[in-house]
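Asks: I grabbed these lines from TrEMBL:
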type     : residues  : note
TRANSMEM : B:12-35   : transmembrane segment
TRANSMEM : B:42-59   : transmembrane segment
TRANSMEM : B:95-116  : transmembrane segment
TRANSMEM : B:136-160 : transmembrane segment
TRANSMEM : B:189-208 : transmembrane segment
TRANSMEM : B:228-257 : transmembrane segment
TRANSMEM : B:269-288 : transmembrane segment
Amino acid sequence: MLKIEDLHVYYGGIHALKGITMEVPENKIVTLVGANGAGKSTTLRAISSLVQPTQGKITFHGEDITKTKTADIVKKGITLVPEGRRIFANLTVLENINMGAFARNDKDGIKKDIQRIYEMFPRLKEREWQAAGTLSGGEQQMLAIGRALMSRPAVLMMDEPSLGLAPLLVKEVFRIIKEIYSQGMTILLIEQNATAALQVADYGYVLETGNIVLQGPGKELAANDEVKRAYLGKA
Amino acid sequence: MELYLQTLANGISLGSLYALIAIGYTMVYGILRLINFAHADLLMVAGYIAFYGIMVFALPWWFSFLIAIALTALLGVSIEKIAYRPLRNAPRISVLISAIGVSFLLENLGIVAIGARPKSFPRPEELVWNIKLGDISFLSLTVIIPIVTLLLLVAVTYMVNKTKTGTAMRAVSRDFETASLMAVDVNKVVSTTFLVGSSLAAVGGILYSLQYPQIDPLMGVFPGLKCFIAAVMGGIGSIPGAMLGGFILGMGEVFLVAFMPELSGYRDAFAFVILIFILLFKPTGILGENVVEKV
Ligand SMILES: Nc1ncnc2c1ncn2[C@@H]1O[C@H](COP(=O)(O)OP(=O)(O)O)[C@@H](O)[C@H]1O
Ligand SMILES: [Mg+2]
């Protein structure tokens with residue numbers, strides 16, 4: 001459903017993506033793993049049009065969205081939970097959630113979805129009126145995910161949702177990812193926690209300095225010796 | 001006692017005028033981190049449009065005022081589009097210089113096109129008359145200005161805090177990129193901010209022209225500077241802060257002149273002394289942003 005062909009991205013002189021081709025099929029979890037600086041975030045940012053590729057093509061349901069503006073990409077159904085959560089610290093929790101529904105006008109639907117988010121993340125309901133900046137790291141991540149779901153995306157992209165969280169919370173994040181997936185979501189996931197990510201993923205890509213060096217079904221990759229050595233820290 | 005009441009009334013009047021103008025500085029700063037020097041000159045532009053509407057085109061005063069507000073707002077929005085937007089990703093100092101450039105342009109355009117000689121601003125009798133209360137008498141404007149201002153301040157506060165557009169403004173002021181990931185058209189939100197700030201400046205400029213009915217191409221400079229200081233004093237970026245700063249400054253200025261007439265020559269310096277103290281002792285201002293942020 002989401003296809004990337006021969007994507008190149010430069011930051012000034014830095015060639016961050018050197019011709020990436022990948023695909024995210026409907027109703028699957030696809031993961032992108034790789035060391036720091038490999039170009040994982042850049043790939044997601046290019047899909048969201050936060051950076052402009054110099055070459056290559058991104059299509060969604062067959063439609064070319066390479067040059068579509070960020071806001072319109074969200075309206076088409078691709079939402080990004082950005083690296084570092086990026087909640088609006090000066091807004092209340094509820095206002096943050098409402099921002100996620102900015103493009104929507106169906107009041108009743110929005111109300112229902114907010115209830116759904118609160119059922120998924122009861123902590124957020126308790127803190128509805130609090131400034132989001134006062135939430136803990138884990139709660140902020142829940143808020144960032146909940147906020148993204150409010151746009152009713154067809155594809156949810158997540159950039160290192162477990163970064164900086166305590167092990168128990170990391171587990172919780174993966175449980176939520178599986179829950180969202182089981183409700184019919186298509187997910188493109190970046191994780192520094194490659195083992196866990198490859199375990200939940202249907203398909204995985206391994207990125208190394210802007211190139212895809214390996215790909216395959218998640219569990220196969222997790223068992224691959226080369227991947228183990230390079231990314232999973234096992235001999 | 002009379003002097004005290006009279007001064008208080010004048011202080012409230014001038015303070016609310018400053019508050020109105022200071023909001024424009026703080027809103028633009030909040031969203032672009034830019035001190036919009038051209039904001040001061042919008043007062044002058046509104047004053048002149050209102051003047052020409054009444055004196056040359058013989059429009060009813062209220063209609064002339066409406067046109068002045070609309071055109072000034074349009075000018076404010078255009079300034080952002082032409083002079084600031086292309087520099088969105090440039091170093092902040094470039095945008096600041098661009099703002100100073102626009103300010104000089106407007107002032108000198110005014111001098112060349114209209115002439116530097118002050119014109120006397122018409123005072124419609126439905127709007128400006130003398131009120132006598134016992135021993136004290138004052139201009140109707142002393143009452144009208146705070147009322148108009150109060151209504152606008154309430155409206156702006158409501159808009160920013162309770163409406164969808166206002167929430168988007170606050171989100172954009174925090175993080176452009178993430179706001180765009182919420183499907184917000186960031187440019188539209190920036191334009192709206194300039195629209196609101198410039199409209200308030202226009203109302204401020206018209207009220208100022210009524211209160212001090214002499215207009216000239218540089219008339220915006222001093223009130224503009226003072227309102228900028230008011231915004232800094234309240235905590236730049238904070239709307240309630242700008243209101244508070246405006247009131248304190250207006251009140252302080254009026255009381256200084258009334259009770260220490262020997263210092264009245266320093267009337268304009270008063271604001272700068274306050275600015276220096278604020279920068280020395282509380283650079284974030286009285287209500288400066290203080291959101292706790294955990295990482
Ligand atoms: N805004 C930027 N400006 C310049 N270089 C950048 C920028 N963002 C990322 N890079 C560079 O691009 C490369 C890929 O970065 P990124 O996509 O963030 O990697 P990852 O998410 O896999 O850690 C890195 O070499 C990084 O230094
Ligand atoms: Mg990254």
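Any Cβ shown, glycine's included, is placed from N, Cα and C.
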Asks: Find the member of B:42-59, B:95-116, B:136-160, B:269-288 that has more C-beta pairs under 8 Å to the transmembrane segment (B:189-208) than any other listed stretch.
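Replies: The stretch with the most close Cβ contacts to the transmembrane segment (B:189-208) is B:42-59.
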Asks: Six or more residues out from either end of the transmembrane segment (B:42-59), which same-chain residues have a Cβ under 8 Å from its Cβ atoms?
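Replies: Distant Cβ neighbours of the transmembrane segment (B:42-59) are 21, 24, 65, 67-69, 71-72, 75-76, 106-107, 110, 114, 119, 121-122, 124, 198, 201-206, 208-209, 215-220, 223-224.
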Asks: Tell me whether the transmembrane segment (B:95-116) sits in contact with the transmembrane segment (B:12-35), defined here as at least 3 Cβ pairs under 8 Å among residues 6 or more apart in sequence.
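Replies: Yes, the transmembrane segment (B:95-116) and the transmembrane segment (B:12-35) are in contact.
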